[in-house]
Amino acid sequence: MAAPWEDVLRDPLAVREAAAVAVDAALLEGVLMRTEAEPNASDVVNFAPFTLLPSAVPRRLFQQAYAVQQDFNLLVDAISQNRQFLERTLASTIKVDDFTARLFRIHMQVLEEGLAQSVFLGINRSDYMFDCGPEGTAALKQVEINTIAASFGGLTSRTVPVHQRVLKVLGKSQEASQLLPNNPSEGLALGIAKAWQLYGSPSAVVMFLVEEVQRNIFDQRCVENELWNRNIRVIRRRFRDVFEKGSLGEGRRLYMDGQEVAVVYYREGYVPKNYDQQNWEARLLLERSRAVKCPDIATQLAGTKKVQQELSRPGTLESLLPGRAEAVARIRATFAGLYSLDMGAEGDKIAAAAIADPGRFVLKPQREGGGNNLYDEELKQVLEKIRDSPERTSYILMDKIKPQPALNYLLRAHSPLQVSECISELGIFGVYVRQGKEMVLNTAAGHLLRTKAIEHADGGVAAGVAVLDTPYLV
């Protein structure tokens, strides 16, 4: 999958000149993050890390990823409404994984009380790699689906003009014109705006629920600005603000500082460190409310690794999407091998296989946010330690996807300019809105390409490993 700029990589002077232009273009376009030293201050910022050159992506696989996104939207929504499926699938996990168990308890409590929420908004991102088979043919394989706080839809909206500028400077104007426009922030805002409209209170606000440390604020501001442009008022609050000032009024309407909240858009709440006891109480308050949660807690549970593994079992997709044989086939074509580590003969067998040949697999805990997966010797050591313990059921095993590396330069602030062997991961943003039982919006909302050096097994942009990229279709 070579892109047509192998010549550039062999020209150090051209690379240095292009890199200087690229950094200025990124700052000019707003491809920005706050600094590690001042993560909550916008008076000192730097460019978010990105590739010098766009990376080659097979057009066929890119189109396949887009074509299946509406199917994945329907699937996630179906899982979120299927209490029995979630109960059965997560039964072993919640015995050993406290974080998933606490989410699940809130889910059950809200169901027992009766849902106040009638409009449902999903913003997810399905991530893929291009697996290079024995014959050298690339195949699209899903890494995971993120159903909460799927990030970088904003900044990736601004990387295309940066790469167009770089290619023009390098004398490749025709190639620059072939880069696809991409604006996920507009699509994400469209979904939030639709949910806000269906909620039916024009004076109500959209609340971004944000982390204590907010380095990636500009990514969120891109979506926020799209909402302000539609005259939808946006507020930013943390869990502790909700705990201190949030309340439920008549009909379980949610109020923050006296303002009614129509939509809660989570950019926080996906890992255990996001919660203390107060934050758990705030989460319960939000889930009990009539406000549209993005995601509601059932949809967050639908994105767990255990659910991903269960979906690969024969017959599961058919039971969740009855009468949709073509959608099932499109979804199944993207699955890598996924295996259960539940206690019993099946789990014993796959654990033994992974210990014997750890290079074949990835060991995944029930966590989002990147940097959590285990590989090779570390995978082997952990599995040997927990192979006879119920703790192993808090993980799943997946076949390791093996993409073809390509050369590129990864531009990071205060880092030397050097060429790296890289692999890429393609994410497709999906947005859907359901009112009662009626799906009123279901769309693919743009894409995100992230690239990292091959020595890093795991981790995304926010984790400091991958960088933003733009696909060049070949």
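Each Cβ is built from the backbone N, Cα and C atoms, and glycine gets one as well.
Per TrEMBL, the feature substrate binding site maps to R125, 148-151, 214-216, Q220, 267-270, R450, 461-462. Marked as Mg(2+) binding site by TrEMBL: E144, N146, E368. Feature annotation from TrEMBL assigns ATP binding site to E144, K305, 364-373, Y375, 398-401, E425, K452, D458. Per TrEMBL, domain 'Glutathione synthase substrate-binding' is recorded for 204-302.
Counting only the Cα atoms, the space from E268 (substrate binding site) to Y375 (ATP binding site) is about 27 angstrom. The number of other Cβ atoms within 10 Å of the Cβ belonging to Y270 (substrate binding site), over all protein chains shown, comes to 22.
Between the C-alpha atoms of N146 (Mg(2+) binding site) and Y375 (ATP binding site), the distance comes to 21 Å. Secondary structure of the domain 'Glutathione synthase substrate-binding' (204-302) per DSSP, as helix, strand and coil residue counts: 44 helix, 26 strand, 29 coil.
Within 10 Å of E144 (Mg(2+) binding site), counting CA to CA, the binding-site residues R125, S151, R215, Q220, K400 contribute R125. For K452 (ATP binding site), the count of additional Cβ atoms within 10 Å of its Cβ stands at 24 [all protein chains shown]. Of all the binding-site residues in the list P365, Y375, K400, K452, the shortest Cα-Cα distance to S151 (substrate binding site) is found for K452. Between the CA atoms of K452 (ATP binding site) and Y270 (substrate binding site) there is a gap of 23 Å, rounded to the nearest whole number. Closest to R215 (substrate binding site) in space, going by CA atoms and restricting to the binding-site residues P365, Y375, K400, is P365. Of the binding-site residues R125, K400, R125 has the largest number of other Cβ atoms within 10 Å of its own Cβ.
Spacing of A149 (substrate binding site) relative to K400 (ATP binding site) is 25 Å (Cα to Cα, whole number). Of P365, Y375, K400, all annotated as binding-site residues, the residue with the shortest Cα distance to Y270 (substrate binding site) is P365. Distance from the CA of Q220 (substrate binding site) to the CA of Y375 (ATP binding site) is 32 Å.
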